[in-house]
Amino acid sequence: MPEIIKSISTKTWLVVTQSCLGGLIFGYATGIIVGARGPIAEKFGASIPLQGVIVCSILLGALIGSFAGGFAADRFGRKPLLLFTSITTIAGAIGSGFGPNLATICILRFIHGLGVGSSSSVCPLMISEMVPEKRKGFFGSFFQISITVGILIANILAYAIEGQWKLMFCLGAIPGGLLFIVWAFIAESPVYLEKRKKNLIRSSQVNEESTTKGGDCDTASNSTVKKTGFSVIFAKNARKPMLIGILLAVLAQLTGINAFMYFSTTIFLDAGIDGKNAPEIAAIILQVWNVLTTLIAISFVDRLGRRFLLFAGSIVMTVCDLLIALFFVVLHGSAKGWASIVFLFIFVAAFEASIGTLFWFVINEILPEESKSIGAPVINAFQWCFNLILSFFFLVVVEYLGQSTMFWIFGGIGLTTTVLLYFNLPTSLGKNSITNNEVEAENHSTSPSSNNI
């Protein structure tokens with residue numbers, strides 16, 4: 001690792017730093033609700049469904065931010081989107097900290113979510129476009145590591161300043177401010193600049209034809225438009241990669257990881273961990289474990305291969321979900337609590353060793369170069385959509401149907417997704433080189449800076 005660090009240029013370090021700050025924004029903003037939800041609910045008398053709305057407001061903003069971020073990055077460039085991420089993070093964090101009522105807090109958390117969503121689109125994209133090819137697996141993991149660190153910091157602060165939800169929210173502006181500093185020095189993505197140059201040349205050629213061929217230019221122009229924008233994700237060579245990406249989003253969200261992160265104290269209470277501050281301390285230990293397993297997972301990303309790690313992780317996650325569901329039915333007291341915690345920790349390790357670490361850059365690897373800047377944010381938007389659905393309904397399902405039902409659902413989704421991925425993931429995923437031909441026979445790379453590995 002020291003040799004890797006020494007060989008990296010300042011330009012690359014700026015790209016890595018923006019990814020780390022984007023991950024911190026993501027992790028802290030979504031993780032701090034663990035400590036803030038209870039005090040807010042107590043102050044404003046929020047019911048269970050309203051608490052779901054509080055949690056989901058930032059996720060709705062993130063969904064829209066990630067989806068729109070792809071088009072904005074493609075149209076205006078990656079660097080302006082970093083600025084947008086910084087501004088909305090600062091405004092949303094400080095604003096929600098001073099919100100006088102639930103409606104205002106939710107609106108400002110939504111604005112904060114726009115920054116979170118845009119960070120999840122642009123930060124991994126810049127890593128995939130601007131980091132040396134042989135280092136993408138290593139540095140691509142930094143976004144996920146930073147997410148886990150952000151969640152850990154949020155949990156520690158929630159315990160240290162218990163009940164002070166306004167301060168908890170306001171502190172989320174710090175990584176946004178640091179990102180603004182990095183934005184001032186970072187360069188624009190060469191992939192975007194090259195694409196912009198080609199578009200200008202193409203536009204110039206169309207204009208020249210319009211002066212000589214008259215009406216024929218309309219046909220040429222329309223032909224060009226059809227090959228750009230949103231339509232690129234429906235191109236023949238992009239359909240299967242998009243399907244794989246959506247399946248990965250399902251695996252990343254609907255097997256339960258964010259239920260464990262957002263509602264860990266509730267899960268521990270229901271599992272019988274109910275001593276003074278015991279659920280909060282258990283949640284912090286879980287987050288420390290989350291960070292450690294992510295750090296360990298980095299060393300396996302380029303050694304064992306993406307495909308192997310994805311399947312091994314998804315199988316372990318599914319088994320853990322089903323066993324925890326069973327424990328909530330057949331075990332009682334401390335036996336239920338300790339058994340659930342053991343397999344919850346195994347689940348987190350499996351998640352971070354597979355889809356948690358791999359999702360952000362695998363979706364950029366499998367997409368054709370011309371579809372990447374639109375396709376990756378669309379897949380990311382699906383991920384946020386599933387996150388939103390899970391976060392809103394988790395408390396409701398647990399309240400009316402119990403924890404066991406929720407974990408049976410997680411296990412069923414995990415099993416189904418694993419089977420579908422087995423028949424769709426390219427066999428060469430994660431080897432030293434992968435071409436998109438493995439994903440779709442007619443796919444080919446059109447840029448020398450392709451991310452296929």
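Glycine is treated like the rest: Cβ placed from N, Cα and C.
Here TrEMBL flags 12-36 (among others) as transmembrane segment.
What TrEMBL lists as domain 'Major facilitator superfamily (MFS) profile' is 15-429.
According to TrEMBL, the transmembrane segment annotation covers 48-69 (among others).
The transmembrane segment annotation in TrEMBL covers 81-98 (among others). Outside the transmembrane segment (81-98) by six or more residues, the chain places 18, 22, 25, 29, 58, 61, 65, 69, 72-73, 105, 108-116, 118-119, 121-123, 126, 165-173, 175-177, 179-180, 182-183, 186 with a CB less than 8 A from a CB of the stretch.
Sequence-distant contacts of the transmembrane segment (110-127), counting only residues of its own chain at least 6 positions beyond either end whose CB sits under 8 Å from a CB of the stretch, comprise 15-16, 18-19, 21-23, 25-26, 29-30, 57-70, 72-73, 78, 81-82, 84-89, 91-93, 95-96, 136, 139-140, 142-143, 172, 176, 189, 360-361, 364, 372-373, 376-377, 380-381, 383-384. Per TrEMBL, the feature transmembrane segment maps to 110-127 (among others).
Look at TrEMBL and you will find 139-161 (among others) tagged as transmembrane segment.
According to TrEMBL, the transmembrane segment annotation covers 173-193 (among others). Long-range contacts of the transmembrane segment (173-193) within its own chain (CB-CB distance under 8 A, at least 6 residues past either end) are made by residues 11, 14-15, 17-18, 21-22, 24-25, 28, 73-74, 77-79, 82-83, 85-90, 93-94, 115, 125-126, 129-130, 150, 369, 373, 447, 449.
Taken from TrEMBL, the feature transmembrane segment applies to 243-269 (among others).
Residues annotated as transmembrane segment in TrEMBL: 281-301 (among others). Residues 31, 34, 137-138, 140-141, 144-145, 148-149, 151-152, 155-156, 159, 260-261, 264-265, 268, 273, 309, 341, 344-345, 348-349, 352-354, 356-358, 430 of the same chain lie 6+ residues outside the transmembrane segment (281-301) yet bring a C-beta within less than 8 angstroms of a C-beta in it.
Feature annotation from TrEMBL assigns transmembrane segment to 308-331 (among others).
Residues or ranges marked as transmembrane segment in TrEMBL: 337-363 (among others).
Annotation comment: TrEMBL describes 384-401 (among others) as transmembrane segment. Beyond the ends of the transmembrane segment (384-401), by six or more residues, the same chain brings 48-49, 51-53, 55-56, 59-60, 62-63, 66-67, 117, 120, 249-250, 252-254, 256, 258-259, 262-263, 266, 270, 409 to within a C-beta distance below 8 angstroms of the stretch.
Away from its own ends, the transmembrane segment (407-425) comes close to residues 240, 243-244, 247-248, 250-251, 254-256, 259, 307, 310-311, 314-315, 317-319, 321-322, 324-325, 328, 397 of its chain (Cβ-Cβ under 8 Å, at least six residues beyond either end). The transmembrane segment annotation in TrEMBL covers 407-425 (among others).
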Contacting positions for the transmembrane segment (139-161) when only residues 6+ beyond its ends and CB under 8 Å are counted: 12, 16, 19-32, 34-36, 123-124, 127-128, 131, 167-168, 171, 175, 261, 277, 280-281, 283-284, 287-288, 290-291, 294-295, 297-298, 301, 352, 356-357, 359-361
